[in-house]
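Remarks on the structure that follows.
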């Protein structure tokens with residue numbers, strides 16, 4: 001009789017994504033994956049972020065609970081409910097403050113719904129203690145891979161950069177399976193007393209107290225670092241990616257991350273790609289947060305034109321009558337050869353198109369996984385966050401991309417590389433595009449990333465490494481919910 005009762009019960013998981021597309025998109029996919037394994041999944045988000053999840057809720061894959069975002073109380077503009085809208089360092093601090101102010105409201109929602117588990121973004125450091133109050137496990141979601149997690153932990157623990165003579169002097173990151181060299185200029189720089197730095201420091205200690213970590217990666221991509229994270233750093237972790245593979249239908253891929261209703265047929269860029277030869281087009285996109293200075297955009301435009309390669313370029317700029325960031329006559333000369341998209345683009349569908357030969361990326365983890373999954377080589381251009389670590393995985397460990405020469409971590413997401421010192425020159429862009437698209441090196445790089453892409457697909461299939469890890473986690477959470485107590 002007890003077994004019958006247990007089988008009738010359904011595991012209910014709450015998901016709390018950080019309010020930024022790069023965090024919300026993969027956590028939505030993760031909720032869909034848990035749902036496909038029989039769990040009831042509820043995402044908690046704010047009113048202005050709700051449209052991001054509307055398609056999944058309409059299909060009945062997930063449920064949605066709204067929570068008020070305290071923009072005004074934190075000193076933010078009333079409609080600022082996403083980190084994608086942050087334009088200054090001061091706004092970043094206020095946004096972090098706002099994420100702490102929602103804690104009591106979230107606690108009330110938990111009390112009302114009583115889920116069996118909480119999956120919360122790493123930026124919500126308070127979520128572990130809140131989950132403990134309700135005697136449910138809190139799972140961490142970082143939004144990056146094992147390599148970056150290991151590298152950042154080593155840098156924070158050992159401080160190998162503290163006694164260098166200059167920002168450009170290199171150092172070896174200690175206690176890693178490979179010899180990885182970096183410079184101080186490539187590391188995150190936040191004032192010690194900033195809200196963001198306080199949160200990062202607290203996150204390490206709180207992560208150790210959480211039930212475990214969900215990682216959007218697959219074992220075959222970073223086996224040494226998956227083992228290192230678990231055995232050397234002692235973290236309990238499950239690899240369940242690439243989570244984007246949960247979107248199997250064309251419509252799901254087209255709508256992923258879009259607030260507007262969107263279908264593949266509506267995207268002219270896909271029709272444009274249909275007219276191109278296989279592996280002939282360079283796709284250029286720097287994610288949802290990076291806003292380059294006009295001077296850097298001019299270098300990109302000139303470098304792309306000089307390369308002679310066809311391209312699709314996603315630019316976060318509204319069209320104006322006079323655009324100083326474009327070389328004179330650029331769009332006229334590039335007709336049929338280059339396509340500029342000034343809005344959201346269906347990235348997964350673009351990368352999966354046979355015409356795409358390379359991807360110029362900011363090395364956000366979602367973008368790297370999507371490129372690997374599609375078997376597309378990369379030109380790496382890290383900007384902030386853990387992106388300089390991610391670049392090392394791509395260019396040195398797997399050799400599935402070439403660096404463009406970005407050397408300086410950006411403190412602000414806006415007007416990136418406005419100063420001459422950090423700007424990537426057109427010659428470097430042209431050279432990187434040529435390296436990744438033409439010659440023997442390009443062929444070898446493409447072969448390596450294609451093999452990884454096949455491994456990625458196998459990992460999420462029944463019996464694959466990610467499928468098995470997710471199944472084991474769901475089984476463990478069911479046992480905790482219906483057969484035991486949180487350890």
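Glycine is no exception: its Cβ is also placed from the backbone N, Cα and C atoms.
Around the Cβ of residue 23 (anthocyanidin binding site), 20 further Cβ atoms fall within 10 Å across all displayed protein chains. The secondary structure of residue 23 (anthocyanidin binding site), as reduced to three states from DSSP, is helical. The anthocyanidin binding site feature in Swiss-Prot is assigned to 23, 385; the stated evidence is similarity to another entry.
Residues annotated as active site, proton acceptor in Swiss-Prot: 23.
For residue 121 (active site, charge relay), the Cβ neighbour count at a 10 Å cut-off comes to 22, with all displayed protein chains included. Under the three-state DSSP scheme, residue 121 (active site, charge relay) falls in the strand class. Per Swiss-Prot, the feature active site, charge relay maps to 121; the stated evidence is similarity to another entry.
Per Swiss-Prot, the feature UDP-alpha-D-glucose binding site maps to 345, 347, 362, 365, 366, 367, 370, 386, 387. Using a 10 Å radius centred on the Cβ of residue 387 (UDP-alpha-D-glucose binding site) and all shown protein chains, the other Cβ atoms total 27.
All protein chains considered, the CB of residue 362 (UDP-alpha-D-glucose binding site) has 26 other CB atoms within 10 Å. Taking Cβ-Cβ distances under 8 Å and a sequence gap of 6 or more within the same chain, the neighbours of residue 366 (UDP-alpha-D-glucose binding site) are 22, 25, 26, 143, 216, 244, 287.
Residue 385 (anthocyanidin binding site) carries neither a helix nor a strand DSSP state and counts as coil.
Note: the Cα of residue 362 (UDP-alpha-D-glucose binding site) and the Cα of residue 385 (anthocyanidin binding site) are spaced 10 Å from each other. DSSP assigns residue 366 (UDP-alpha-D-glucose binding site) to a helix.
The distance from the Cα of residue 370 (UDP-alpha-D-glucose binding site) to the Cα of residue 121 (active site, charge relay) comes to 20 Å.
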